[in-house]
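Engineer: This structure is in structure tokens; I'll ask about it shortly.
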Amino acid sequence: MALITLRQLLDHAAEQGYGVPAFNINNMEQGLAIMEAARACDAPVIIQASRGARSYANDIMLAKMIEALAAIYPEIPLCMHQDHGNNEATCMTAIRHGFTSVMMDGSLKADAKTPADYDYNVDITARVSHMAHWVGASVEGELGVLGSLETGESEAEDGHGAEGKLDHSQLLTDPDQAVDFVKKTQVDALAIACGTSHGAYKFSRKPDGEILAMSVIEAIHKKLPDTHLVMHGSSSVPQELQDIINAFGGAMPQTFGVPVEEIVRGIKMGVRKVNIDTDCRMAMTGQFRRIAQQTPSEFDPRKFLKPAMDAMRDLCKQRLEAFGTAGQAGKIRIIPMDDMAKRYASGALAPKTA
């Protein structure tokens with residue numbers, strides 16, 4: 001099986017200068033769509049599951065599904081990642097069920113709603129890093145709170161999102177604090193806050209530097225050139241997908257996502273992992289709506305799901321090609337987690353923060 005840790009994959013991405021989209025999964029159809037896209041362009045992939053996805057699909061089902069995908073597509077390096085873990089138990093149970101990487105989001109407290117202070121974030125993230133590295137699993141941390149610079153609010157997704165009004169000091173990661181955070185927590189990747197948010201309704205207009213602070217990414221990369229940065233909430237919310245949904249009975253108000261060209265710019269400034277969920281949902285549900293309206297007599301779920309899978313596959317392939325991930329799968333020789341654990345223990349994988 002071709003399961004790979006996040007650390008090894010992002011190390012390779014940094015060496016070769018590309019980024020890796022991280023696609024969220026809830027079911028078999030999404031998994032197949034992602035892997036078909038990866039096979040079509042010889043790309044490694046990150047598949048991630050939120051706590052909501054784990055509850056929806058069941059940990060055992062998800063674990064067996066990932067085993068199956070790795071067996072069906074043995075040539076594709078596949079990282080299975082826990083998205084937005086809220087405490088140590090969430091992260092450790094993910095590893096127990098076969099995840100090769102976890103995110104400990106200590107920017108919020110365990111309720112996934114209350115913004116946490118810096119010391120809390122450092123303490124819990126460092127504990128998860130220490131435990132995960134024992135077994136060779138990778139850890140992503142988060143510094144700063146995801147949310148809109150326009151509204152000062154965060155968008156909840158799968159029960160995860162800050163409540164109340166947030167100021168810019170919370171919504172933008174401080175570069176100097178980022179250095180201290182990486183040094184103290186030993187994370188393998190750092191999710192930063194730059195004005196992006198979960199869901200479809202990210203921006204009320206095409207984003208510029210006032211509401212999408214790419215300058216923050218640049219500043220952090222200058223201070224932490226060897227740290228893998230992560231952009232969350234980075235769906236582009238394509239106009240054509242909004243139009244398909246609304247043409248077939250949907251009622252999505254006009255909205256704007258993170259432009260692909262801005263993500264590509266971020267990749268040049270150290271962004272190695274790019275979280276994408278909403279775009280995949282829109283690609284699939286647009287086809288559900290189309291088929292329901294065009295063929296109202298249809299009742300075979302496969303007649304809905306196959307076109308939806310194809311649409312998501314095409315979306316994923318576009319992102320893999322745009323981010324430079326395409327053509328990289330065959331260049332990677334996977335390091336087993338046991339060997340990664342030895343490298344962590346030796347200090348060889350300690351972050352460079354000087």
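Just so it is clear, glycine is given a Cβ too, placed from its N, Cα and C backbone atoms.
So Swiss-Prot lists these for the protein:
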type	residues	note
ACT_SITE	D83	active site, proton donor
BINDING	S50	D-glyceraldehyde 3-phosphate binding site
BINDING	H84, H198, H232	Zn(2+) 1 binding site
BINDING	D105, E142	Zn(2+) 2 binding site
BINDING	G199, G233, S234, S235, N275, I276, D277, T278	dihydroxyacetone phosphate binding site
Engineer: What three-state class does DSSP give G199 (dihydroxyacetone phosphate binding site)?
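Structural biologist: Assignment for G199 (dihydroxyacetone phosphate binding site) reads coil.
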Engineer: Please list residues from the chain of the residue listed as 'active site, proton donor' whose Cβ is under 8 angstroms from its Cβ, counting only those at least six apart in sequence.
Structural biologist: A22, N24, Q48, A49, S50, R51, A53, M103, N275
Engineer: Around the Cβ of S235 (dihydroxyacetone phosphate binding site), how many other Cβ atoms lie within 10 Å? Please give the count over every shown protein chain.
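Structural biologist: That number is 24.
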Engineer: Hey, how far is H232 (Zn(2+) 1 binding site) from D277 (dihydroxyacetone phosphate binding site), Cα to Cα, in Å?
Structural biologist: 10
Engineer: Using Cβ-Cβ distances, find the residues under 8 Å from G233 (dihydroxyacetone phosphate binding site) that belong to the same chain and are at least 6 apart in sequence, listing them in sequence order.
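Structural biologist: Counting only residues 6 or more apart in sequence, the Cβ neighbours of G233 (dihydroxyacetone phosphate binding site) under 8 Å are L146, E155, T196, S197, H198, G199, K202, V258, N275.
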Engineer: Round to the nearest Å and give the CA-to-CA distance linking I276 (dihydroxyacetone phosphate binding site) with E142 (Zn(2+) 2 binding site).
Structural biologist: 16
Engineer: Within 10 Å of the Cβ of E142 (Zn(2+) 2 binding site), how many other Cβ atoms are there?
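Structural biologist: Excluding its own Cβ, E142 (Zn(2+) 2 binding site) sees 26 Cβ atoms within 10 Å.
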Engineer: If you draw a 10 Å sphere around the Cβ of D105 (Zn(2+) 2 binding site), how many other Cβ atoms fall inside it, taking every protein chain shown into account?
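Structural biologist: For D105 (Zn(2+) 2 binding site), the 10 Å Cβ neighbour count is 28.
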Engineer: Going by DSSP, give the three-state secondary structure for I276 (dihydroxyacetone phosphate binding site).
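Structural biologist: Where I276 (dihydroxyacetone phosphate binding site) sits, the three-state DSSP reduction gives strand.
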Engineer: Roughly how many Å separate the Cα of T278 (dihydroxyacetone phosphate binding site) from that of H84 (Zn(2+) 1 binding site), to the nearest whole number?
Structural biologist: 16
Engineer: According to DSSP, collapsed to three classes, what secondary structure does S235 (dihydroxyacetone phosphate binding site) have?
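Structural biologist: SS state of S235 (dihydroxyacetone phosphate binding site) = coil.
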